[in-house]
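These notes concern the structure reproduced below.
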Amino acid sequence: MKKLMAANWKMYKTAGEARTTAASLAALTADTLPDDREVVIFPQFTALSPVADALRHATGYSVGGQDVYPAAEGAYTGEISPGMLMDCGCAWVLTGHSERRHVIGESDELVGAKTAFSINAGLKVVLCIGETIEEREAGRLGEVLERQLETGLAGVKGDAVPAAIAVAYEPVWAIGTGKVAGPPEIVEAHALVRQLLVARFGEGGVAVRILYGGSVKPENAREIIALDNVDGVLVGGASLQADSFSRIILA
């Protein structure tokens, strides 16, 4: 199973800046990318085509959208469809990121609709789940992960697993705060996610990649990736510079 190393560039970088960073990243790892690594870059929408173009000859790299709407087309101002993402060179899309849930107010049901529609349209999905500090302190970790995972995958058929889906566990309290869940917390959460995936998909759930996404940096990436049931990382701030993210990819 290849480790999935994903970069979420959020609302940063112009199209030109994103293209330059992607090209630099590919150059830094051109001769050193291990066979057990797969890299996905999630730039903002206007940078999708430039980044895809910069990576078109980069082995092991692909591009994804940060969001999607569950419709092929229509009167949905400001939205983007799976087909439009693929037209820009995307193979992946993020659904359920904590900033979409907590800043934009997306419901579990909308996340599930986006996930299923995207997979049916031909995209692969990184479904993000995770708890707030209030939920963790209230002892609701298992409840929250089960709800988000069950609703997020409600429309996903078993034959789509594991190739078309990955799950990113992102403790909300550790995103952009500089706080990092310790190894025991990461292992606990990822074990719960694995149990839920196996309960939902049987043997297929064993092979679904589970990523960790909470303030991953070059300094802690190797330790995190070595933990049980950690099959990659979803990186925010530390992925914005090619040198930093290349060190994480090669950790």
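Cβ coordinates come from backbone N, Cα and C, glycine included.
As annotated by Swiss-Prot, substrate binding site applies to Asn8, Trp9, Lys10, Gly176, Ser215, Gly236, Gly237. Summarising the annotation, Swiss-Prot assigns active site, electrophile to His97 and lists sequence analysis as the type of evidence. Annotation source Swiss-Prot lists active site, proton acceptor at Glu170, citing sequence analysis.
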Based on Cα coordinates, which of the following binding-site residues are within 10 Å of the residue listed as 'active site, proton acceptor': Asn8, Trp9, Lys10, Gly236?
none
Cβ atoms within 10 Å, counted per site: which of Asn8, Ser215 has the most, among these binding-site residues?
Asn8
Around Lys10 (substrate binding site), how many other C-beta atoms are within 10 angstroms of its C-beta?
17
Determine, from DSSP, whether Gly236 (substrate binding site) sits in helix, strand or coil.
coil
Sparsest-packed of the listed binding-site residues (Gly236, Gly237) - C-beta count within 10 angstroms:
Gly237
Given Asn8 (substrate binding site) and the residue listed as 'active site, electrophile', what distance in Å do their CA atoms have, once rounded to a whole number?
10
Residue pair Trp9 (substrate binding site), His97 (active site, electrophile) - Cα distance, angstrom, rounded:
12
Three-class DSSP secondary structure - Trp9 (substrate binding site):
coil
What is the separation, in Å, between the Cα atoms of Gly237 (substrate binding site) and His97 (active site, electrophile)?
15
If you count other C-beta atoms within 10 angstroms, which of the recorded positions Trp9, Glu170 is the most crowded?
Glu170
Tell me the Cα distance separating His97 (active site, electrophile) from Lys10 (substrate binding site), rounded to the nearest angstrom.
10
